[in-house]
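Database features (Swiss-Prot):
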BINDING   58, 60, 150, 303  Zn(2+) 1 binding site
BINDING   60, 61, 62, 92, 276, 307, 321, 322  substrate binding site
BINDING   150, 177, 230  Zn(2+) 2 binding site
ACT_SITE  303  active site
C-alpha cells in the first residue's frame, strides 16, 4: 500500500520544509520536494503542516473499571482526532495492573481495541494505594513501559526509596504524582485569596513542593530516572531546575491547562475548573512557561481525564477532579504560544512529540525521516474554528475551553502507515 502526501510543509530536523512524503506500508520511503509515483492514495495536503505524530505520555482511558467515563475505543478516537499517534495510559483503573497477568491482559486489550500506539504504565505499589511494591521486572516483561501511581503520591519516603532503587534496575522511568495527602486538607482548589472569597477549601502548595523536594533527594541518592507529572508551582520548577544542574536524572511535564488557566479565572464555584493539581497563581503559570522555554520542563502532557456529566455537575466541593485534553491540546498551544510568537511551531513539536518519545525511550515515535515508522499528523493552522462539545470524540466533555476559538485543527492522522483519522471536508 502506497500513500503519497503532496504539497506539505513538513516539520523535520527542527525546521519547516516544503516537500512531498511517500509512505509504503508502515514506513516513510521518500521525502523529496517533488515525488511522482503511482500510489493507491494521493492526498494533496494543500500546504498544511505535516509533523511527526504527537506523543502524550499521560492519559487516562478509564478502561477497565470506569468505561462510562472513557474506554480504549473512545479514548483512541479522541487521541487520533487530536493528532496523537502514541499515548501512555495511567494505571488508576480497576483492576490495577499490578501483576504480570493483569498487565498482559491490559496490553492485549489496548492493542486490539486501540487505533494508535498505546503504552501501559504499571503501578508502583499493589492496588496503587498500599505500601507494598510490585514486581517491577515481571511487569516490564509483561509490557509495562514505565511506572506510576498517578492519582496518588507515594506517601512514605522508604517506599519511594525502595521503588526508585528497584525501578532503576529495570531501566524504566518512575512518573510521580507529587502530593502529600496530609497537606491536602480536603481542598478543591488552590489555597489563597480566591478560595477564601469563594468559600472553598484550598490545597496548599506544600502538598506538591514538600513531596517533590523529598523525592528529588531520593532520586539524587539512587540515580533513578524520576519524572514529575503535571508540575503546577513556580517553586517546583525551581527545585527541578536546581536538581538538574546538580546532575539528578529528573524530567518533568506540564499540562496545557496549567499554562493557560489560573485561579484568578475562577470567578464562581465552577466544577469545570477543578483539577488536580489545582489551577495556581498567575505567577506560577508564568514560571511554568519559563521552565518550558528554558528546558527545565521537557514536554507537554495533557493529563486527559474524562468524566461523565454527572461527575462534573454541582459544586467543586463534590465534583471529580479532571479535564479532558487530547482534542484541545495542540490547537490551544498553537493559538496561545505559536501565534503570539512565544515559541516556534518547531519548539511545540519538540515538546509534544520528539522529546516525550526520547525521554520515555519510545523508539518508533517522534520521528520523521526516511525509514521511520509512518506515524504522521497533518494540521490546518490557517483557519480558525471553535471548540464545541458536540465535536468531541471522547466520552468526556469536561473542558473549560469549550467555546474558545483556536487554530490548529487536525486534518489527518496516520499510524504505522494507516490513516486512522481524516477530517471530512
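Cβ coordinates are placed from backbone N, Cα and C, and glycine is handled just like the others.
Small disclaimer: the values here were computed from a predicted structure and weren't measured.
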Residue 321 (substrate binding site) - helix vs strand vs coil (DSSP): coil
Cβ contacts of residue 230 (Zn(2+) 2 binding site) (under 8 Å, same chain, 6 or more positions away): 58, 177, 253, 254, 255, 258, 277, 301, 303
Cα-Cα distance linking residue 60 (Zn(2+) 1 binding site) and residue 322 (substrate binding site), given in Å to the nearest integer: 10
Structural state of residue 58 (Zn(2+) 1 binding site), classified by DSSP into three states: strand
Densest Cβ neighbourhood among 61, 321 (binding-site residues), 10 Å radius: 61
Residue pair residue 60 (Zn(2+) 1 binding site), residue 307 (substrate binding site) - Cα distance, angstrom, rounded: 10
Minimum Cα separation from residue 150 (Zn(2+) 1 binding site), reported as the residue among binding-site residues 61, 62, 276, 321 that achieves it: 276
Per-residue Cβ crowding (10 Å cut-off), top of binding-site residues 150, 303: 303
Cβ-centroid neighbourhood (8 Å) of the Zn(2+) 2 site, 150, 177, 230 excluded: 58, 90, 148, 151, 175, 176, 178, 179, 229, 276, 303
All-chain count of other Cβ atoms within 10 Å of residue 60 (Zn(2+) 1 binding site): 26
